[in-house]
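Remarks on the structure that follows.
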Amino acid sequence: MFRFLTAGESHGQCLATIIEGLPSGIKIDINKINTDLARRQQGYGRGGRMKIETDKADILSGVRFGETIGDPITIRINNKDWSNWEERMSVFGNVAGAKVTAARPGHADLIGSQKYNREDIRDILERASARETATRVAVGAIAKCLLSACGIEIRSHVTNIGGVKVNPKNIDYTILKGSRVESELNCCDKIAEAKMKDAIDQAKKNGDTLGGVFEIVVFNTIPGLGSHIQWDRRLDAKLASALMSIQAIKGVEVGEGFEFANLPGSQSHDEMFYNANRNVYRKTNHAGGIEGGMSNGEPIVIKAVMKPIPTLMRPLASVDINSKEEVKANTERSDVCAVSAASVVGEAMTAIVLAELLIEKFGGDNICDLKAAIDHYIARINR
Ligand SMILES: Cc1cc2nc3c(=O)[nH]c(=O)nc-3n(C[C@H](O)[C@H](O)[C@H](O)COP(=O)(O)O)c2cc1C
Ligand SMILES: C=C(O[C@@H]1CC(C(=O)O)=C[C@@H](OP(=O)(O)O)[C@H]1O)C(=O)O
């Protein structure tokens, strides 16, 4: 079973993860892991913290001479900001500094402090922070090494920032299919991207924040990942859950998604054709590559929506968690918009789900047996 846990506070010493259940023999490219970590840090509209950090994965176990050996993989990512927080985040010290008590609407602050019985919201926000997603991107990059070895490639792009949408006609899909989208907002429509940046500038000027939408596309999928047999084995359910687990993601669509409500059946389903070279094939992909809870071999297409960042420099009305006084919400250094960063996390979570299902279906001891099982299966279903 492929699984992992993450640990670490946003301003603590480091983030860490232990990954278990990956086959031996996966070639691990540390540059790819660090490139994804850097991509997650980028994006127009990010705050001051990203100027401090340069995230790098330190692999402490489970990889030898660049290959997985089947052992648990431990990864550490240091927080450079720790040096500015050492006293306030000390494990046994007592120099806590001023308590954070003005809960931010839209963050974990209020309910987290109540549930965990803490008088300082910092005890909650440190772990609720999306800083934790750096570890998920490292795990996802390792999962991508396995998927790439099986021909599967995952890409993402931003399609909407604060209501500024890409024009589907301007999306350059060759860029998306390439090794990665090299743009400040991870956007394939240059015209829309310029307007998105203006919208972010305007929001910043107003002490406001923006959310948006990103799309994940998985190319060269293997048909039959997931299952129709049980609710918790469905691929669409697993992907939705994984994407919804990213901080601030509030909705997920598969294929046409909510647009299905406006379409008749005749325009919703992907007709099947046959020729000897291509076997059974489709001319459309409304389903987004998933039917009956299983990948059907077409590209998997999923969208996720991110709500606007909750920390506002023009703060919203709030209540002090201890005195119950009506106050303005806490303002901390913060991002104005982080949709492009979230899209990189979305790729990682997608990679993690697909790697889990690949291992479940084809075996997880070593990559050699796994690839042989895939070859056998593909040959059988294409007979
Ligand atoms: C990549 C990324 C960066 C984020 N940056 C910030 C930030 O700078 N300030 C902030 O208040 N929230 C930020 N968020 C959102 C909060 O982490 C999130 O809204 C909060 O944890 C509450 O969780 P919920 O929105 O899922 O309810 C970010 C989220 C992501 C995915
Ligand atoms: C640190 C990261 O994002 C953070 C996510 C975050 C939040 O509340 O989610 C709040 C901010 O934290 P800070 O107050 O330290 O600037 C972001 O910078 C990161 O993405 O690596």
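Think of each number as a place in line: the chain as shown, counted from 1.
Here the Cβ of each residue, glycine as well, is placed from N, Cα and C on the backbone.
Residues annotated as NADP(+) binding site in TrEMBL: ARG40, ARG46. Taken from TrEMBL, the feature FMN binding site covers ARG127, ALA128, SER129, GLN247, ALA248, GLY292, LYS307, PRO308, ILE309, PRO310, THR311, ARG333.
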Task: Rounded Cα separation (Å) that holds between ARG40 (NADP(+) binding site) and ALA248 (FMN binding site) - done: 15
Open item on the list: I need the CA-to-CA distance for ILE309 (FMN binding site) versus ARG46 (NADP(+) binding site), whole Å please.
Closed with: 11
- [ ] Out of SER129, THR311, give me whichever of these binding-site residues has the highest number of other Cβ atoms within 10 Å.
- [x] THR311
Task: Distance from ARG46 (NADP(+) binding site) back to SER129 (FMN binding site), taken between C-alpha atoms, in Å - done: 14
Task: Cβ atoms near ARG127 (FMN binding site) (within 10 Å, other residues, all chains) - done: 17
Task: Taking residues ARG127, ALA128, SER129, GLN247, ALA248, GLY292, LYS307, PRO308, ILE309, PRO310, THR311, ARG333, which bind FMN in the record, the widest Cα spacing (Å, whole number) - done: 45
- [ ] Round to the nearest Å and give the CA-to-CA distance linking ARG46 (NADP(+) binding site) with THR311 (FMN binding site).
- [x] 12
Task: Which of ALA248, ILE309, the listed binding-site residues, has fewest other Cβ atoms within 10 Å - done: ALA248
